[in-house]
């Protein structure tokens, strides 16, 4: 993937735009996993409509094909069938995709052949050891404690009860739950340690498992029990990626304009309520119907205090908004210590880049304190992180001369980002 330097366009007038956001990465990759499990159980072919096509989802598709499954595209619909039959020397490239890194190893454990996992250099710093230890606890031999590692499948997994510290990533829990119904005894996952971040993503996993006919008991806090059984083949419909939509909604707040996201679901498996709670802190007017969400901004909003533990992936966009608040106002972002293990150390990256442009951003043990100050032109580094690149675009709406050093990082979850962003601003000025 090439590095593309990009001059962030300025919103010289209030943004007025309707934007259609492609499908959710989180939902797409969970649907692919459940479709693969249904096929592997002999339940038949699944289809996925509205699937996101991005680097992360292509890596997931490639991983499933490496395991012997068939993933085909007919128009805008993905079709998944086949069996788990990896060849000798099978190797899964995780890239920088946490969902591939943490969802596919339990699936590979159902293979009768060993499967090796590796990824981008930055991926080698991402937490994975707790998941590998959990697989070992369920009777799966695993060579290695981090990338690269090898899962020594035997064709089946006994399952049982396992304790895991998922305080670094909720994906540890989701990865086990997705495959648990295919394990002989099912799985009971007990989280130990500090609160699990991004809990809505576990809720998404549980909801989608139930939609596939899997019995999940999550009635006890920090414990999830999945009974052994079939995973139904079905047609999945993927929602627009609401997390990616936040950057575009931020444009309304920053410019005093109006942005409408078409296709915003009235009810969602994504953390829509968390997103709305953040938007309301920005002195905006929100209008939601069955078919869209519209935000009207006022250009002026004060700093805010927000716990982002459940939606840590929004932190770069929220930090950019905090940096553009009323000068002198202070924002506190907390509950996000786990972001140090994301695509990059997002707390350090945000502090560095905001301060590079003349801002005032301080790291705390679990977040950031940002005092809004006038920013100056300069290079905003993306660190190969899609969320960091989008944050630079938000800053550039208000600050002329912001150069995002790698807008291509957005290919991870939204390859169309530069064009969608340019079109949004073009419609506003044209």
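Just so you know, the numbers here start at 1 and follow the chain as drawn.
Placement of Cβ uses the backbone N, Cα and C atoms for every residue, glycine included.
As recorded in Swiss-Prot:
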type: ACT_SITE; residues: 313; note: active site, proton acceptor
type: BINDING; residues: 25, 98, 126, 171, 346, 387, 412; note: phosphoenolpyruvate binding site
type: BINDING; residues: 25, 26, 30, 169, 170, 171, 198, 313, 342; note: 3-phosphoshikimate binding site
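Projection of Swiss-Prot feature records onto the structure.
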residue : record                           : DSSP class
25      : phosphoenolpyruvate binding site : helix
98      : phosphoenolpyruvate binding site : helix
126     : phosphoenolpyruvate binding site : coil
171     : phosphoenolpyruvate binding site : helix
198     : 3-phosphoshikimate binding site  : coil
313     : active site, proton acceptor     : helix
342     : 3-phosphoshikimate binding site  : coil
387     : phosphoenolpyruvate binding site : helix
412     : phosphoenolpyruvate binding site : helix
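For residue 126 (phosphoenolpyruvate binding site), the nearest neighbour among the recorded positions 30, 170, 198, 313, 342, judged by Cα separation, is 342. Around residue 171 (phosphoenolpyruvate binding site), a 10 Å sphere centred on its CB holds 26 further CB atoms from the protein chains shown.
If you measure from the Cα atom of residue 170 (3-phosphoshikimate binding site) to that of residue 25 (phosphoenolpyruvate binding site), you get 15 Å. In the three-state DSSP assignment, the secondary structure recorded for residue 30 (3-phosphoshikimate binding site) is helix.
Cβ neighbours within 10 Å of residue 170 (3-phosphoshikimate binding site), excluding its own Cβ and spanning all shown chains: 25. Residues 25, 26, 30, 169, 170, 171, 198, 313, 342 are the ones the record ties to 3-phosphoshikimate, and the longest Cα gap between any two of them is 19 Å. In the structure as shown, the Cβ atom of residue 313 (active site, proton acceptor) sits within 10 Å of 24 other Cβ atoms. The two recorded residues residue 387 (phosphoenolpyruvate binding site) and residue 342 (3-phosphoshikimate binding site) have their Cα atoms spaced 10 Å from each other.
Fewest other C-beta atoms within 10 Å: among the binding-site residues 126, 342, that description fits 126. A count of other CB atoms within 10 A of each Cβ picks out 387 as the most crowded of the binding-site residues 25, 30, 346, 387.
Residue density at residue 198 (3-phosphoshikimate binding site): 24 other Cβ atoms are found within 10 A of its Cβ, drawing on all protein chains shown.
Around residue 412 (phosphoenolpyruvate binding site), the same-chain residues six or more apart in sequence whose CB sits under 8 Å from its CB are 54, 55, 56, 96, 97, 343, 386, listed in sequence order. On its own chain, residue 98 (phosphoenolpyruvate binding site) has 126, 169, 171, 342 as residues at least 6 apart in sequence with a Cβ closer than 8 Å to its own Cβ. Separating the Cα atoms of residue 198 (3-phosphoshikimate binding site) and residue 25 (phosphoenolpyruvate binding site) is a whole-number distance of 15 Å. Reported as a whole number, the C-alpha separation between residue 30 (3-phosphoshikimate binding site) and residue 346 (phosphoenolpyruvate binding site) equals 24 Å.
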